[in-house]
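Positions annotated as compositional bias 'Basic and acidic residues' by TrEMBL: B:1-17. Residues annotated as region 'Disordered' in TrEMBL: B:1-29. Marked as domain 'HTH marR-type' by TrEMBL: B:47-182.
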2 protein chains.
Amino acid sequence: MARDPQPGRDDDGRDGARTPQHPAPAHSAREIAAAWERERPGTPVSSIGIVTPIWQLAKLFGDDRRRVLARAGVDTATLDLLSVLRRSGPPYALSTRELGHRSLVTAGAVSQRVARAEQEGLVTREATGGRPRTVLVTLTPAGHDLVEATVDQVLHREAGLVAGLTPEQQTRLTELLHVLLTDVQHRMGDDRLSQVGGE
Amino acid sequence: MARDPQPGRDDDGRDGARTPQHPAPAHSAREIAAAWERERPGTPVSSIGIVTPIWQLAKLFGDDRRRVLARAGVDTATLDLLSVLRRSGPPYALSTRELGHRSLVTAGAVSQRVARAEQEGLVTREATGGRPRTVLVTLTPAGHDLVEATVDQVLHREAGLVAGLTPEQQTRLTELLHVLLTDVQHRMGDDRLSQVGGE
DNA sequence: AGGTCTAAATTTAGCCCTAAACGGATCTGA
DNA sequence: TCAGATCCGTTTAGGGCTAAATTTAGACCT
């Protein structure tokens, strides 16, 4: 969720963003937590300061990346697939199972991504007689070229977006995010924890 | 259309494992950056330590929230809409424009969200003869009840997910995320910056 | 060997979103 | 007064994803 507190007084009203359609504002985690406290005293707001900005940043980064890649005629899901293969090094081939693990998407999503990329000649798919049934996805020269032509653009752009933080802040943020991510992955592993926990 | 939490599925008593399909692993930002360096020396990897974990955390939190809410028969987009209205306080009404701003989605998405929620009797929509053409969306008692019945579950669950960080770490992370978010929003405002800049 | 079990990939149904085209009403200026 | 510029909201086209059903081919057992 992402939202804000008060309808009335505000500060924006300036400039008209050029970006496609959507607006920019979106209110801060601080304001959202305050609004819950005001409307529903006792609401457990402690996680909002972390979860909300993470969600908002992911949305902003994701939308931005999609727009940058649209110019190159690729979509983010395809570039993600190709990048994973490219990064894995020669022979640039992985099983669909491995692809799902590394991209955090379901097997069905991998199947569809690969089918689209194969259609465009960016990867090939071959059934190796693995144990139960392993399918190996391999990067084609065209796929390799596409990664080379776009990945620096994306990373360079994103480096610019986080450049507002000092090197020390970037380091500290990276560390904290790493700790949180590791811990969250661990907790999700043992789900059935409190899952919903009721009141 | 209102959907029930967990339909029929009763034939098989045994279950317990909850996680639907997808795996857990996913490589860390550190490994990803190292892989790019190894495969393509010179790749601008400086942003990976920040952007990648943010993206992964948003995915994990989002998937988790969707599963928690599915039990209550709601989807995340609808709860987001209802929450924004609920938090705005009496009379629990906002324009579609304002809704888009606060949820970071396009006008088209707002239109669809409201249409679905209206269909389920969670909000009402009325054209006020505002300036150019303003549509006011108002929370119904049913919508209000749904928020009350679910929002604590979600927030409580998420508080548990970030509980692995010490209070000091949580505070520091909240601060850094806030700074980064503010800065990124500012930079996105003056787009046309380097946009693609690449070579 | 033959029958079942199981793991992996694919297919299907349904949802949500963005971008762009559209529809309508207000305001502006000649 | 009327054309045109604007500004909003809605609609449409198409993409991507999850969850669940389905298919497929080794593995295991008797």
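Cβ coordinates are placed from backbone N, Cα and C, and glycine is handled just like the others.
Keep in mind it's a predicted model, so treat the numbers as computed, not measured.
Here the domain 'HTH marR-type' (B:47-182) has a mean pLDDT of 94 out of 100. Summarised by DSSP class, the composition of the domain 'HTH marR-type' (B:47-182) is 94 helix, 15 strand, 27 coil.
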